[in-house]
Structures are given as C-alpha cells and as structure tokens.
Amino acid sequence: MDAIFLQILNGLDKGGAYALIALGLTLVFGTLGVVNFAHGALFMLGSFCAVTLNRLFNLSFVRVSETEKDFLGNPLKEQVPYLQEWFGPQVSGFLLEWSVPLSILLAIIVMAAVGVIMERGLIKHFYKRPHADQILVTFGLAIVLQEIVRHYFGANPIPQSAPAIFAGAADVGSWVGLGENVYYPWWRLIYFLFSAVVIFGVFAFLQFTTFGMVVRAGMQDRETVGLLGINIQRRFTIVFGLAAAVAGIAGAMYTPILPPDYHMGMDFLVLSFVVVVVGGMGSLSGAVLAGFLLGILQSIASMNEIKSILPGIDQIIIYLVAVIVLLTLPRGLMGRKGVMEE
Amino acid sequence: MSKKFIINRRSVLKYGGVASAALATPYFFTRGALAQSENYRNAPKGGTVTFGFNVPQTGAYADEGADELRAYELAVEHINAGGGGMLDTFSSSALRDAGGGVNGKKVEFVTGDTQTKSDAARASAKRMIENDGAIMITGGSSSGVAIAVQGLCQEAGVIFMAGLTHSNDTTGKDKRANGFRHFFNTEMTGAALAPVLKNNYGTDRKAYHLTADYTWGWSQEESIKKYTEQLGWETVAAVRTPLGAGDFSQYITPVLNSGADVLVLNHYGKDMVNSLTQAVQFGLRDKQVNGKNFEIVVPLYSRLMAQGAGENVKGIFGSTNWHWSLQDEASQAFVKSFGEKYGFPPSQAAHTCYCQAILYADACQRAGTFRPSAVGAALEDFEFDGLGNGPVLYRGDDHQCFKDILVVKGKENPSSKFDLLEVVEVTPRAQVEYPAELLGGELGPYNDGEA
C-alpha cells in the first residue's frame, strides 16, 4: 500500500510536467491549428532560464589569493561574485539559493518573448500549410534550439538546487495514516502543487476573461470571430506566447528534479504528444487528464511486483494505453469532433 | 649420365643442413622487411599516420567524451613533439628517442561521435577506417560501444585501443586479438571496493541494486554482488533501469520500504548524476534502516560525475582508475600539461585515453611497424611504469592492463570545484589480479586486414 501511494505521488509530479507541456501543445494546436514540435524545446529553454539566472547571480571578477594555491600549485585565482562584493554574502547567498523560484519571473518574460518572436517570425507562415510541413519546420527549429543551448552550456547536466527550506523529504506517510518510512521529497510536492496552480490559472484565464472568451470563440470558428471585427490574429500571437511561457516556467521549476541538459526537451516532447493524443487533440482538459493519468500509470508499472510479472511494462505502458484508447475512442479521452478528421 | 641419387645418413644430414639454411636465410634477412611490408589495412604511405578518435560527443556520456578528446589531442601533441606530459615519465623511451612522431611519421587524427550508441559508434569507426584511413581506433565511454567497435576493428584488421570501458566482457567473453584495454574492470572494482565497504559498513548489510541495463551495468552488478555476498551482505533486489532514464524516482521509491540499508548505484555519467541526486532528495541518506544508517555506494566514480552530482557525493565510496590528485611524478606531469592547456584537471577518462594513445604509439615504434599483429605482439606482456598508475602489466592472455586500483570517497570539505574525491585506499595490483580464464572468451588470431 505504501509503495502504491508513493508511486501515485511520483506519477502526479511526473504527470504535472506532462500535463503542463501537453497543455501548451494543445493550446497552440487548438487555437492556431499548428502542430508545434518545438514545444519540448521551449520546456528546455525555460529550464535554462534557471541556469542562466544562477549564472548571472554568480557573475564574478577574479581576485588573486595570497595564501591559497590552485590545482597546479600557482596562486589561486578566486572568483568573487559581484553580488557578494556589492551586497554582502547574506543577500547574494539568499539570491543564489532562491534562483530557481526567482527564475520563473525571468522565464515568463523570456519565454513569452520567444513565443511571440517564434509565432511572428516563423509559425504564421505555416498556418495554411499541411501539418507535415509544420511538424518538419518546428522539429527543425527544436534541433537548432537544442544545439545552440549545447554550444553555450555544454552537453553535461547542470544541477540546480531548490531552496534549502525545501530540501529533504516530507513524512507523507503520517499525513495519510500509513506506516513509517513513507517519505516524499518536498520539492516534488511543490512541483505538483505548482503545476496544479498553473493549470488552474490557464483554465481560469481562458474561462473567466473576455480575452479568453474571444480565444475560445476563435478556437471554434476563427473566420466568424474575425468578421466581428476582432483582431483574432493578435490574440493568437499572445496565446502562443502564453503557451511558451507555460512550458518555460514548467521547465524552470523542474530543474531541481532533473538537472537540465540540452536534450531534455526531446525526451519530454514525444511523451507529451502521446499525452495530447490520448487526451484528445484540441482538448485542454483532456491533455491535463491524460497527463496525470499516464504519469501515474507509468509510475505504477515500474513497481517491482508488476515488472516481475510483465518485464519491461514500464517502458511501454504509455504507448500501450495510447493504442487501447485510440482503438476504443479514436478521438482520445476528451477529443472534439472534427479536429484532425478532415 | 647422371649420378645416381643415393639416400643415406650422410646425404640426409648434408642436404638437410643445406635446405634448412636455405629456408632460414630469407627469413633471417627479410624479417624486418616483412614487418615493414605495407600489405596490411591502412598502412601509412606518406609522412603521416592517422589515428581515429571515436568518442561520445552527445548522449549520456558526452562530458567524458569531451575530456577524452582533449586528452587525445594532447597525446598527439606530445607524440609529435617527442616529449611532454607523461611521455617524459614513461618508462619506455622509444618515442622520446625517435625525436617526434611514430616510425618517422607525424600523427594526424580524425574524430567521430559514438553518440553513446553501438550502431552509431560502429558507423563512425567504419567511416574512419574506410574513408579516412585510420590505422587504429580508440575511444568510447560505454562498454556496449567498446565491444561493438572492438568487433568491428577485428573484422576490419585495425587495432582497437579501448577508452573508458569497465565491463568485464570487453577483455572477457567478448575479447578480441586486435583489442586492448588500459582501463580496469568490474572484477577489479569488486575486489578493491569490498574490503573498504566491510571496514566501513560491516558484514551484515542488505543491498538494493539499481543497474544500467546494458553490458557494463550487468557486469558491475554481478561483480559487486559476488564480492559483497562473500562478505556476508544480502542482495535484496537488483533492478535494471534504462540507459538515460532521466527521472529515476519511480525506481528509487521502492527502495524506501524494501528493507535494504544500502543502495548500490550501478550507473555512470549523467545517469549517476540523476539517480544519486534523486536518491538523496528522497531522503535515503538521512534514513535509519535495520538500526543502521542507510548508505549509498557508487562503485565506479569519476571526477566529472562528482562535479555533476555536487554535494550529494559527500562520504560516498567508489572506485576509480586514476585521480588527478595523485602525487607521483607522472600524474603531476599529466595534470600540469593538461591543466595548462585546458585550465582544469583531467578526468580518469582523459587519463586512460591519453595512456592508450601513448601506449599504442610506443608499441608501433618498438615494433618498427603499424602492422596490427606486430604492434599487438609489442603490447602483449609489456610491463611499464611512469603513466600514473605505478608498475603496470599489459597481460598477453586477455589484453587487459593490471595495476593498483584506487578506492575513493566523496570529499566532505572540498577546497575547489575539482577537489571532490579523496583517495582512501590504493589497492595493490596483487589483490585485484585474477586468472584470464575466469572471464571466459577467446582472443583468436590477429587480423592485419591483408588484401
């Protein structure tokens, strides 16, 4: 029972990441009709916002130490962060420790800008082109983005730590009346809550604002909304920026769980597309539901008891579920009629 | 009328002696000429000879690959200059005496990306052999890759000087005459690490293994199980994880209530960074199980991985082939030349690759040829010193190097971002030696790739 509970928690935070990426994918697909294979790269770029902010806080000047030696026996060239020099060790220490949560602010600005530039500079030229063209160009863009990141940040994962206050694991067993030794990392719980808040925020934005209402109307019938004199194109650009920002902040917050590297976008992208297809193309709630569902199923399938009966099931469970869902519900769990059915 | 040919004892001795002398004479005079014959794969024709450096530039072991490439470039510089780095401390003076280059030829090199995938590694090695004329292939940071490329080199008729490969199988059941390994293996890791684990954690432990699901992981899991079970440890479970899994949380959660009090991470590179980081996040190191502190063991360590895992490595035991903090003259010479060129100390991957390039070039110089069988003969049972591991034997029976093994621990108070591991024990070579037949396999004959 303890093991199942822990695997469900695992599934929830993994599902949170899947759901956030799938949410952005669906948002872009549902509004603009664009299949964006660069969406995983946006998740990766977001995580590198955290790395960049950390490096900005660490920008240093060199001071030669009189007493210490480097690994070659020469006088040690100490790197002294400007922040430490200007504001003292306490302030700079605080900023460094909180660089991951703070990077959300950077990620929102940077990723929204990246999204807008991407939509205006590239995507808008492909609205009327076949999905195959959109896939090719966005996949190419994803490769270009990841190679740029690799060039500047290297191929090795770059660990980012969560604030010390969230270090260690929570005694979740005692919360739900289970036995001892049922612990779960604080930061993963935070990530799950964070993803739930972001998902709720996006839904609320689309549901309860005039902007959201127009976008939803545009999703149903772009031409009619345009005929009403609404500049739907500008709103779609903003939606693309919003989708990029959602992927970006999801990536930034994920860095203490998985040290960012240039390839992480591709790793998540394939899974997220499966999530979107299972949830139903164009359905926001379907994407979220499928994200959590597949995350939990994947985690439960990795339990030793299940793998001893069905070896390797954890590797294929997501694809197996996709096959079963598509055979029984060809539009996915909550797919809309007419989407990709022409 | 011809004289009748009579066979008697005198004539047998007389004609036999003449025939023997006639048969032996050409060999005596042409032995050197045969060795110099260019009837072998990619025999260098002009004033240069091409080495093929096949390293992972992408994938889970990309960081090791980048350091390997740096070391190879440094080795080529030193070979062409006839000195520098560990070439100055190497016990064989053949290359120094030659005054630069190998067999009168300057070394050039081509590179390939293994992508840490066997098929990609074979494809890039094939390209270097067939298109670029590489006389020797070296590199790799995965035993799966090493075994695949070693097989290819055997078929193609060039020498393979394995880079970072730790699986027993490379010089065990999958060994090949054309393949040579300087790096140690999991059998040696088990033999060196077990006594240290016993001294620190006792003989009554329950271990849970997480293992990278390919030849190296299986080999390491088997060796560590073998040696720890000999101590009295019980193996609770051994779970295989896919290479490059990224998020290991789903594999770590079952450890929490498995009853195990030790987690053995048979992971390397990016996988080890992630699995160790996540194991610490799950609070494993703060737990008490069976009345004992829960411990984590990382049997194969590297400074690069320790850098990736950060503070999480503190106090964790493992083994390594070489470490930059060693104070012997050779290690210091290598650290100095590498550090001056690149600004940071070399990793164990860089060290073993540098050694392999030097050892190959030296063997060619001593053999007076690049012919694989002659170079192989020069390497077999070659004893050397001055390459940072003390006296080393390149055993002829399986083409495996035997040397002292370092047991290391994550440093509690590092003085710099490179000073992450401390050597806690140098296990003598005699303690990690084993009979060649233990790991099975057959070397088979050399392949010179003769046309």
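Indices start at 1 and increase along the chain as displayed.
Placement of Cβ uses the backbone N, Cα and C atoms for every residue, glycine included.
Residues annotated as transmembrane segment in TrEMBL: A:15-35, A:42-62, A:102-123, A:135-153, A:189-215, A:236-257, A:269-297, A:309-329.
Same-chain residues lying 6+ beyond the ends of the transmembrane segment (A:102-123) with a Cβ under 8 Å from its Cβ atoms: 32, 34, 36, 38, 42, 45-46, 49-50, 52-54, 95, 134, 137-138, 141, 236-238, 240-245, 247-249, 251-253, 255. Scored on C-beta pairs under 8 angstroms, the neighbour of the transmembrane segment (A:236-257) with the top count among A:15-35, A:42-62, A:135-153, A:309-329 is A:42-62.
Counting C-beta pairs under 8 angstroms (sequence separation of 6 or more), the transmembrane segment (A:189-215) fails to reach the transmembrane segment (A:42-62), with fewer than 3 such pairs. The transmembrane segment (A:309-329) shares more Cβ pairs under 8 Å with A:269-297 than with any other stretch in the list A:15-35, A:42-62, A:135-153, A:269-297. Per-stretch counts of Cβ pairs under 8 Å to the transmembrane segment (A:269-297) identify A:15-35 as the leading one among A:15-35, A:42-62, A:135-153. Residues 17, 21, 24, 77-83, 85, 92, 95-96, 99-100, 102-103, 106-107, 110-111, 114-115, 145-146, 149, 153, 158, 160, 243-244, 247-252, 254-255, 260, 262-265, 268-269 of the same chain sit 6 or more residues outside the transmembrane segment (A:42-62) yet have a Cβ under 8 Å from a Cβ within it.
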